[in-house]
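Here is what TrEMBL says about this protein:
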| type | residues | note |
| --- | --- | --- |
| BINDING | A:Ala12, A:Gly13, A:Leu14, A:Gly15, A:Thr16, A:Val17, A:Gly18, A:Thr19 | NADP(+) binding site |
| BINDING | A:Lys109 | NADPH binding site |
| BINDING | A:Glu194 | L-homoserine binding site |
| ACT_SITE | A:Lys209 | active site, proton donor |
| DOMAIN | A:352-426 | domain 'ACT' |
There are 2 protein chains.
Amino acid sequence: MSENTPLRLGIAGLGTVGTGVVKIIRQQAALLSARAGRDVVITAVSARDQSRDRGVSLTGYAWETDAVALAKRDDVDVFVELIGGDTGVAKDAVEAALALGKDVVTANKALLAHHGQSLAEMAENNGSVIRYEAAVAGGIPVIKSLLEGLAGNEITRVMGVMNGTCNYILTNMEKSGRGYNALFDECAELGYLEADPNLDVGGIDAGHKLALLASIAFGTQVDFDAVELEGIQRIELQDIKHAAEMGFRIKLLGVTQMTGRGLEQRMTPCLVPAESPLGQLEGGTNMVVIEGNHVEQVVLRGPGAGMGPTASAVMGDVMDIARGIRIPTFGVPAAKLQKATSAKAASPAPFYLRVGLHDKPGAMAKIATILGEAGISIDRMRQLSHADETAPVLIVTHKCMRQSLDEALHTIAQSKVVATAPVALRIENL
Amino acid sequence: MSENTPLRLGIAGLGTVGTGVVKIIRQQAALLSARAGRDVVITAVSARDQSRDRGVSLTGYAWETDAVALAKRDDVDVFVELIGGDTGVAKDAVEAALALGKDVVTANKALLAHHGQSLAEMAENNGSVIRYEAAVAGGIPVIKSLLEGLAGNEITRVMGVMNGTCNYILTNMEKSGRGYNALFDECAELGYLEADPNLDVGGIDAGHKLALLASIAFGTQVDFDAVELEGIQRIELQDIKHAAEMGFRIKLLGVTQMTGRGLEQRMTPCLVPAESPLGQLEGGTNMVVIEGNHVEQVVLRGPGAGMGPTASAVMGDVMDIARGIRIPTFGVPAAKLQKATSAKAASPAPFYLRVGLHDKPGAMAKIATILGEAGISIDRMRQLSHADETAPVLIVTHKCMRQSLDEALHTIAQSKVVATAPVALRIENL
């Protein structure tokens, strides 16, 4: 593709994000052209339903019912994949585009989290690039910052709150005093949930994002299966209340760092200091913290979802391609990405535990004994008043390894003193 | 420059930042090479004093005493200008490099704020690029975010706290209760001040940065002379105390936006809500807020100065060049940058005023009358207790235009009731 010729996009998927991209290109053609040094045009689109009114004109674009056919069109230079899903037509169409040497822009975190390595290899073998700014943290240019802006650093840690729906639920539980289920239902009504809600509240969507950031940060092959994943479904109002009393808020927090034992990747609900930037993050906003050996710490905050912000990220990638920016998918050639040893939770931390005990004498002593035998020392322990026969006990441990704790919790769960499975939340003193 | 051949740097200026860049390249050669797809090497350096021990080896680099000679060397592909200053050798050397079609990486905000347009034209005429991430907000990849990541947006406003020294002074006045002069002296001792301290505390340095961001954001020719500039030298402890009582903090805040009257660019001390992200920013940290018509709002926070962060930004630019990223200096070709009409302070706001009155009957009435005649209505007015013959009066106005206020303040200053020149600070309800 030489400069000055128009860059021709084929857009597959005309949901919220796809429609947003079409709007930007129709409304701001002159501005985009001035910045890119060439026109950026849509030649063809595809979606399941051609008849639906999307609030934007599709006049002048060829229509394909099949995204793979769209990807293969001669008049498409860049295949913009906004279908979603880690298998099926999204993957087929991306592969078809790459096989023909076309560039790909995608917002599909699941696809890259599961097939990032093979797709990166395929892209490089065919002289294509894959860009995916919209896949992580919505409108925040976090991929660009990590991949390019901070390329002079050895990255030491990346952290973030990267699922707006979970953060909306958690912050509104605290604000409104309503429980998890009520806020889950509200999110469903507001359209904040993925078709499979477990992608959101189970931490999977945010885990996908973390796996992509880890690959760029540490030059490793994307390894989503190695992410320690835990959702927010078991967080109760009392957890949020007790966290607040200790000066903390509960966030679905992603952390990845390279440790002596291997690559740590975790996306789990954590207690973070209420006064920290991550603790203060409210609603659907996302935040990513990048730490490097020279830059110290950079914090990026912005909208994690929505038509405008996500389309903005897609357009950032399109503009990069229009301007001739061509960088390997994860920052170094795919063949140079290392297979990292996984260290799911390599660093010790204090934990917050909530255990529901049968209200019988000796139950608390039993728990304390099991923890002690596992080498986990207790900082604070407190039995709460209760109306029924299950007595909630809150425990804050001293620093321990998650693995030791899990073993102890397994023993606790099997003991006869426990009425409900324990909840364990890491305390992250940022 | 083809790929796979080493990218050869000539580094002019071996102060803190230059030394930091040398350290990164010596310590992380393999990492940089893997990411850039080619080696990044230093071939020559220049500085005033060859004998000084900089804590890093300069072995293997040619030494030039003259930066212009360095810029012209055949074995230099990229001229890295870390000398500083808007005239003299820095400008001569950058022009010499551009004239020979070499790329330039610089941290020199003054040079670009004063000569950005002519240098951008020169670069484009010679097929060179100029990169300057380190010129604005230290280690934060803000230029890259604005120029590239958010290129799909019509930018609506950019705001920021971009001088760490001023923020250090202002936050420590509040924290320690020490006055401006004591903290100014402390900054001098800590080496936080530019050789000409007025660049920092007069707001000039931050104004340079704002002018560069405005050019990228709005596609306009850099126009530093049109920045409404005001330093922090007249801020007193009582201003900080009274701002805090109203729920505000005082920050040297930059704001630029395109208004119906033209381009607004101001870098002035403002009252911002204490609970806002900008209000909470402490010490030498910088923050830039970018608002676009699609992305809504992105907030970037990080270290605004220091060896590591600034060298990180320089290296981000070097890596971009090594990877073949070539974008016009301010995002669109220099010939397409518009000459903007200047609207120094186009948007109305409430203001905080402190006026030192001669303690005589009728003085307050006189002030109120002058403001009223200028069409400025008063929200609150309060005379403070005082030990000497000057009675400080605090006034919070309703929304008004800065120009009307300035006219009224001029009248007030000339009236016989005033003992000291009034202080007026904009209240920015972010």
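Here the Cβ of each residue, glycine as well, is placed from N, Cα and C on the backbone.
Here the structure is a predicted model, which means the values were calculated and not measured.
Sorting each residue of the domain 'ACT' (A:352-426) by its DSSP state yields 24 helix, 31 strand, 20 coil. Taking the mean position of the Cβ atoms of A:Ala12, A:Gly13, A:Leu14, A:Gly15, A:Thr16, A:Val17, A:Gly18, A:Thr19 as the NADP(+) site, the remaining same-chain residues with a Cβ inside 8 Å of that point are A:Ile11, A:Gly20, A:Val21, A:Ala47, A:Leu82, A:Ile83. Taking a C-beta cut-off of under 8 angstroms and a sequence separation of 6 or more, A:Gly18 (NADP(+) binding site) has the following same-chain neighbours: A:Ile11, A:Ala12, A:Val45, A:Ala47, A:Val80, A:Leu82. Within the same chain, the residues at least 6 positions away from A:Gly15 (NADP(+) binding site) whose Cβ sits under 8 Å from its Cβ are A:Ala47, A:Leu82, listed in sequence order. Under the three-state DSSP scheme, A:Gly18 (NADP(+) binding site) falls in the helix class. The separation of A:Lys209 (active site, proton donor) from A:Thr16 (NADP(+) binding site), Cα to Cα, is 20 Å. Taking only the Cα positions, the spacing between A:Gly13 (NADP(+) binding site) and the residue listed as 'active site, proton donor' is 20 angstrom.
DSSP assigns the residue listed as 'active site, proton donor' to a helical segment in the three-state reduction. Taking the domain 'ACT' (A:352-426) as a whole, pLDDT averages 91 in the prediction.
Here the C-alpha separation of A:Val17 (NADP(+) binding site) and the residue listed as 'active site, proton donor' works out to 17 Å.
Neighbour counts were taken as the number of other C-beta atoms within 10 angstroms of each residue's C-beta; across the binding-site residues A:Ala12, A:Val17, the minimum falls on A:Val17. Reported as a whole number, the C-alpha separation between the residue listed as 'active site, proton donor' and the residue listed as 'NADPH binding site' equals 6 Å. Within its own chain, A:Thr19 (NADP(+) binding site) has A:Arg54, A:Gly55, A:Val56, A:Met307 as residues 6 or more apart in sequence whose C-beta sits under 8 angstroms from its own. Other C-beta atoms found within 10 angstroms of the C-beta of the residue listed as 'L-homoserine binding site' number 16, with every protein chain shown included. Spatially close to the residue listed as 'NADPH binding site' yet at least six residues away along the chain are A:Tyr132, A:Ala135, A:Val136, A:Asp205, A:His208, A:Lys209, A:Leu212, judged by Cβ distances under 8 angstroms. For A:Leu14 (NADP(+) binding site), the same-chain residues 6+ apart in sequence whose C-beta sits under 8 angstroms from its C-beta are A:Val22, A:Val45, A:Ser46, A:Ala47, A:Arg54, A:Leu58, A:Leu82.
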